[in-house]
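Input: a single structure, listed below in structure tokens.
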Amino acid sequence: MGAGGPRRGAGPPDGGWGWVVLGACFVVTGFAYGFPKAVSVFFRELKRDFGAGYSDTAWVSSIMLAMLYGTGPLSSILVTRFGCRPVMLAGGLLASAGMILASFASRLVELYLTAGVLTGLGLALNFQPSLIMLGLYFERRRPLANGLAAAGSPVFLSMLSPLGQLLGERFGWRGGFLLFGGLLLHCCACGAVMRPPPGPPPRRDPSPHGGPARRRRLLDVAVCTDRAFVVYVVTKFLMALGLFVPAILLVNYAKDAGVPDAEAAFLLSIVGFVDIVARPACGALAGLGRLRPHVPYLFSLALLANGLTDLISARARSYGTLVAFCIAFGLSYGMVGALQFEVLMATVGAPRFPSALGLVLLVEAVAVLIGPPSAGRLVDALKNYEIIFYLAGSEVALAGVFMAVTTYCCLRCSKNISSGRSAEGGASDPEDVEAERDSEPMPASTEEPGSLEALEVLSPRAGSPEQEPEEEAVPELDHESIGGHEARGQKA
């Protein structure tokens, strides 16, 4: 079709090769979230060989997680500059090299630099591009795709931890690290299938040699002026302060309540099993026509349910009540995991998603470095898990309430502004708005600053005919900034 044809030919295919991309995203998400926790099964041997304490060896996983979250902006810049596939291939090699080099480490600091920094950076360079490509391939089925991809985290965690235990018993921690390094080469295979989706050819940059406009697009910090994005960032910060604390302390909390060791460890398996079921189920539910426009409120409900679960279960002492807590916690935790990136994609749109995701992960890294360590120190000081559950539950519940209230206020404000302009401006207002958009250095989105309003119209194909040309420009931006380098190579 010509350039002025319908958007349907240029939009996300919602299937086809997208299912292969979804499978790769499932694997990458599993490695990114499951690997730092799976490495902890080697800590006992590391303590013995290096004569270190638990807190010293635990820094390996902490550094890995800090790199996964904290290098988000760097990953965004690299994806925009080189495309998703090259970044993921390089990330897979880095992650594998980090674990292989770690198997030859003779000091803990060498483990920090190899398994912590190199492997963490490699996982980050795989995780973020995979989510970006998922958003380019799915639109109508995007909630379901996000839910299925997010299920990789509990699935891989339930597989990698027993595998690490087995490898450690048979080959020692050095052999286990070496084999884990080989396992991480699967990230390269996942990166190889990340070809850009079919669509119109990328537009040429009007400025010579890339110029200032090109450099500006490497990381779109202007997204921080979008009040909808600010709402999401504050919500994620509050959420990350307390969301992971109960899962980290659950086993020790159960042992403190008199539960035997084997039964206490089984509680995490219950959380994992419910989480595996909840993520794709919630993704399918969020994709329903009547619910999809209200995904931010569904996300808020999941956060509120998770926080209330922590608050209600803070005084649970019997094994039966702890099992009930694990079921409720796993369900709400899975809902949060399935919806968090869907809300961000719907809020900022595909062109700004790489930059937005990088900035969100950076903010989340700060919260993760504050929340769980502070909870551990409070437990050591107070010898009381109940207060920790109250604090964690309050933070997550507050995040849910904040998200719901501010989303409602933003939508009302946007509707009032739009109705006021249509009543006063007449026919000249659209021209003024278009002129303002043309004067901006980089087109960021077709929505007004309060882009939460876009969540009420999530199906572009149902829009009015007058909006078709604007909608058609979005995939072109995607291909230019994310997959343009790969698309040019294929065309050549």
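Glycine is no exception: its Cβ is also placed from the backbone N, Cα and C atoms.
From a predicted model like this one, the values you see are computed outputs, not experimental measurements.
As recorded in Swiss-Prot:
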- 476-492: compositional bias 'Basic and acidic residues' (COMPBIAS)
- 419-492: region 'Disordered' (REGION)
- 426-460: region 'Basolateral sorting signal' (REGION)
- 461-482: region 'Basolateral sorting signal' (REGION)
- 1-14: topological domain 'Cytoplasmic' (TOPO_DOM)
- 36-58: topological domain 'Extracellular' (TOPO_DOM)
- 80-85: topological domain 'Cytoplasmic' (TOPO_DOM)
- 107-115: topological domain 'Extracellular' (TOPO_DOM)
- 137-146: topological domain 'Cytoplasmic' (TOPO_DOM)
- 168-172: topological domain 'Extracellular' (TOPO_DOM)
- 250-257: topological domain 'Extracellular' (TOPO_DOM)
- 279-293: topological domain 'Cytoplasmic' (TOPO_DOM)
- 315-318: topological domain 'Extracellular' (TOPO_DOM)
- 340-352: topological domain 'Cytoplasmic' (TOPO_DOM)
- 374-386: topological domain 'Extracellular' (TOPO_DOM)
- 408-492: topological domain 'Cytoplasmic' (TOPO_DOM)
- 15-35: transmembrane segment (TRANSMEM)
- 59-79: transmembrane segment (TRANSMEM)
- 86-106: transmembrane segment (TRANSMEM)
- 116-136: transmembrane segment (TRANSMEM)
- 147-167: transmembrane segment (TRANSMEM)
- 173-193: transmembrane segment (TRANSMEM)
- 229-249: transmembrane segment (TRANSMEM)
- 258-278: transmembrane segment (TRANSMEM)
- 294-314: transmembrane segment (TRANSMEM)
- 319-339: transmembrane segment (TRANSMEM)
- 353-373: transmembrane segment (TRANSMEM)
- 387-407: transmembrane segment (TRANSMEM)
Three or more CB pairs closer than 8 Å, sequence separation of 6 or more: does that hold for the transmembrane segment (116-136) against the transmembrane segment (294-314)?
no
Would you mind listing the long-range same-chain contacts of the topological domain 'Extracellular' (374-386), meaning Cβ under 8 Å and 6+ residues beyond its ends?
245, 248-249, 252-253, 256, 314-315, 392
Structural state census, the topological domain 'Cytoplasmic' (340-352) (DSSP three-state):
9 helix, 0 strand, 4 coil
Distant-in-sequence neighbours of the topological domain 'Cytoplasmic' (279-293), which means Cβ under 8 A and at least six residues beyond its ends:
140-148, 150-151, 153-154, 302, 334-335, 337-339, 342, 455-458
Considering only Cβ pairs under 8 Å, which range in 86-106, 147-167, 294-314, 319-339 makes the most contacts with the transmembrane segment (258-278)?
319-339
DSSP-wise, what's the residue breakdown of the topological domain 'Extracellular' (250-257) into helix, strand and coil?
7 helix, 0 strand, 1 coil
Looking only at the recorded stretches 173-193, 229-249, 294-314, 319-339, which one has the largest tally of CB-CB distances under 8 Å to the transmembrane segment (86-106)?
173-193
Could you check if the transmembrane segment (173-193) is in contact with the transmembrane segment (147-167), meaning 3+ Cβ pairs under 8 Å among residue pairs at least 6 apart in sequence?
yes
How about the transmembrane segment (353-373) with the transmembrane segment (147-167) - do they touch, taking at least 3 C-beta pairs under 8 Å (6 or more apart in sequence) as contact?
no
Tell me, please, if the transmembrane segment (147-167) and the transmembrane segment (319-339) are in contact, taking contact as 3+ Cβ pairs under 8 Å between residues separated by 6 or more positions?
yes
Tell me the residue counts in helix, strand and coil for the topological domain 'Extracellular' (168-172), as DSSP assigns them.
5 helix, 0 strand, 0 coil
Residue distribution over DSSP helix, strand and coil in the topological domain 'Extracellular' (374-386)
11 helix, 0 strand, 2 coil
